[in-house]
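Taking it in order: structure first as structure tokens, then the write-up.
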Amino acid sequence: MEGVDHLADERNKAEFDVEEMKIVWAGSRHAFEVSDRIARLVASDPVFEKSNRARLSRKELFKSTLRKCAHAFKRIIELRLNEEEAGRLRHFIDQPAYVDLHWGMFVPAIKGQGTEEQQKKWLSLASKMQIIGCYAQTELGHGSNVQGLETTATFDPKTDEFVIHTPTQTASKWWPGGLGKVSTHAVVYARLITNGKDYGIHGFIVQLRSLEDHSPLPNITVGDIGTKMGNGAYNSMDNGFLMFDHVRIPRDQMLMRLSKVTREGKYVPSDVPKQLVYGTMVYVRQAIVADASIALSRAVCIATRYSAVRRQFGAHNGGIETQVIDYKTQQNRLFPLLASAYAFRFVGEWLKWLYTDVTERLAASDFATLPEAHACTAGLKSLTTTATADAIEECRKLCGGHGYLWCSGLPELFAVYVPACTYEGDNVVLQLQVARFLMKTVAQLGSGKVPVGTTAYMGRAAHLLQCRSGVQKAEDWLNPDAVLEAFEARALRMAVTCAKNLSKFENQEQGFQELLADLVEAAIAHCQLIVVSKFIAKLEQDIGGKGVKKQLNNLCYIYALYLLHKYLGDFLSTNSITPKQASLANDQLRSLYSQVRPNAVALVDAFNYTDHYLNSVLGRYDGNVYPKLFEEAWKDPLNDSVVPDGYHEYLRPVLKQQLRTARL
């Protein structure tokens with residue numbers, strides 16, 4: 001029934017102020033108001049319609065993406081939107097497109113690595129979109145190992161130019177978004193060679209296509225790498241391949257903030273510290289963690305609402321069946337994911353602060369905390385994206401068979417999201433970077449060097465290596481000190497055990513290779529501690545609104561105790577807790593699920609997602625699921641005719657046993 005809120009009873013159960021929780025989720029009243037206004041603007045514009053994406057061919061989908069991007073740029077100009085509002089507009093359009101890489105990678109690369117003069121020239125063009133750029137780093141044969149890239153940029157002093165060349169097939173640029181069909185320019189990463197010497201990987205601005213007719217420039221081979229996973233999904237993006245056959249560019253198109261090549265071909269590092277690159281890396285990774293909380297919250301919103309709508313079993317004497325959300329098995333799978341969405345949101349907030357802190361320190365030439373910040377952001381990118389990809393799939397299963405329908409919103413969300421596990425660093429490789437840093441930190445513990453930032457707890461190694469948890473009853477697990485000590489003891493003891501095992505090898509690098517699996521587990525333990533500690537720190541802030549803090553408190557301890565249960569082997573094998581204490585944690589977890597249950601729908605309402613943005617029949621705000629499923633079914637092109645196309649050629653001959661005479 002139209003106009004009826006089928007979830008009204010659920011919303012009336014809420015024990016907290018949903019409007020205040022929306023502001024906590026958004027980060028501030030200002031952020032909430034901007035997001036709310038822009039989300040509604042996008043939802044009300046027919047050009048941004050997206051419910052038909054699965055039925056479009058690849059070419060139609062791509063053309064619709066170009067149309068949406070052009071319309072968005074037009075609206076940004078007409079409405080005079082500022083940078084924040086324009087960013088929100090692109091976000092709520094919710095269709096992967098070349099603009100994501102133009103604004104998210106091409107522009108920041110020039111800002112971070114270009115001189116003032118280069119920024120003045122290129123950013124003025126890029127900001128008006130008179131040129132459109134992408135970030136051409138990854139190659140067919142190398143992704144994570146940037147130092148292994150093969151593309152070359154050889155300086156020719158006779159003409160004052162760099163010659164960009166693809167020496168092998170595996171040196172072809174492969175994957176950059178926006179490259180395949182749209183970008184006019186790219187920041188291309190290549191090995192800088194001058195006077196016969198290889199100076200490693202550097203960035204160069206290279207024009208790829210004519211600004212008159214968009215055709216590729218001479219000696220440039222460029223195209224799209226082909227269809228990717230899912231219907232709609234990331235297929236709206238023109239991920240591309242690119243090959244150069246001795247393409248010449250002016251010397252001043254090398255990004256020269258960190259180093260330059262003189263007219264004579266001399267390589268000169270600049271006075272600007274190389275560590276500045278870390279700033280950009282921290283920025284990109286904090287954005288990825290923020291995206292993880294958004295993708296996860298979307299999936300959880302769909303699964304929670306549908307779990308409240310769906311009824312199955314439990315009817316007596318013809319009575320009403322039980323809501324699926326009331327089954328403990330459903331709560332046990334769903335509520336930790338709801339808690340994770342909030343946990344990732346708050347660690348993402350903290351990472352924004354960290355980025356500001358790193359930027360200020362870089363400006364003051366203070367590099368002391370950089371290795372820790374780099375390791376921390378690498379680990380959190382890996383942890384949150386892996387957990388989110390797994391959680392979206394779990395939410396699909398939580399919705400039963402209907403979750404497999406494209407119109408549930410979950411298959412496309414999964415297909416769009418999973419690349420995050422490999423782009424900007426493969427997740428396992430990133431955790432090994434964290435592990436290397438942890439091993440270095442453990443090795444320095446006796447030297448008087450005090451661990452900083454998220455490794456500060458390692459400075460209390462003497463206590464954490466011998467302490468025993470004081471938990472005696474289930475409620476003790478709601479004590480932040482008890483939870484933190486258990487997570488700190490587990491993380492430190494796992495790291496120390498790895499360090500001890502490493503020391504048994506004569507060759508440290510060989511030892512590292514042998515212990516890779518253990519090292520990844522130690523890194524994950526450290527990163528989970530960070531997320532738990534930042535959620536607890538969030539609760540120490542002044543949070544207003546009736547019942548808001550209590551709900552966040554429940555979610556915080558659900559997240560922590562769910563991890564404790566899931567990784568129980570770690571906690572027991574390191575003697576961080578006892579089996580009895582683990583059992584008490586489970587008792588407390590069940591109690592927390594019961595407390596969250598009446599608030600579950602309201603907690604996902606606090607994400608403030610429009611139906612347009614969610615794009616899910618199962619996750620509709622009004623819960624009117626079943627009539628809308630039929631509506632979507634009738635829209636499918638297969639239902640355009642009652643008798644299917646091909647009946648007379650292929651189906652009738654089978655039914656009538658006339659296959660011999662049929663013209664197949």
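Quick reminder: no glycine exception, Cβ is built from N, Cα and C everywhere.
Here the structure is a predicted model, which means the values were calculated and not measured.
Listed in TrEMBL:
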type: DOMAIN; residues: 17-132; note: domain 'Acyl-coenzyme A oxidase N-terminal'
type: DOMAIN; residues: 134-235; note: domain 'Acyl-CoA oxidase/dehydrogenase middle'
type: BINDING; residues: Thr138, Gly177; note: FAD binding site
type: DOMAIN; residues: 278-439; note: domain 'Acyl-CoA oxidase C-alpha1'
type: ACT_SITE; residues: Glu424; note: active site, proton acceptor
type: DOMAIN; residues: 479-656; note: domain 'Acyl-CoA oxidase C-terminal'
Can you tell me which recorded stretch out of 17-132, 134-235, 479-656 has the most Cβ pairs within less than 8 Å of the domain 'Acyl-CoA oxidase C-alpha1' (278-439)?
479-656
Please list residues from the chain of the residue listed as 'active site, proton acceptor' whose Cβ is under 8 angstroms from its Cβ, counting only those at least six apart in sequence.
Val284, Arg285, Ile288, Lys381
Restricting to the chain of Gly177 (FAD binding site) and a gap of 6 or more, list residues whose Cβ falls under 8 Å of its Cβ, or answer none.
Pro96, Tyr98, Asp100, Leu101, Cys134, Met237, Asp238, Asn239, Gly240
What is the total of other Cβ atoms whose distance to the Cβ of Thr138 (FAD binding site) is within 10 Å?
19
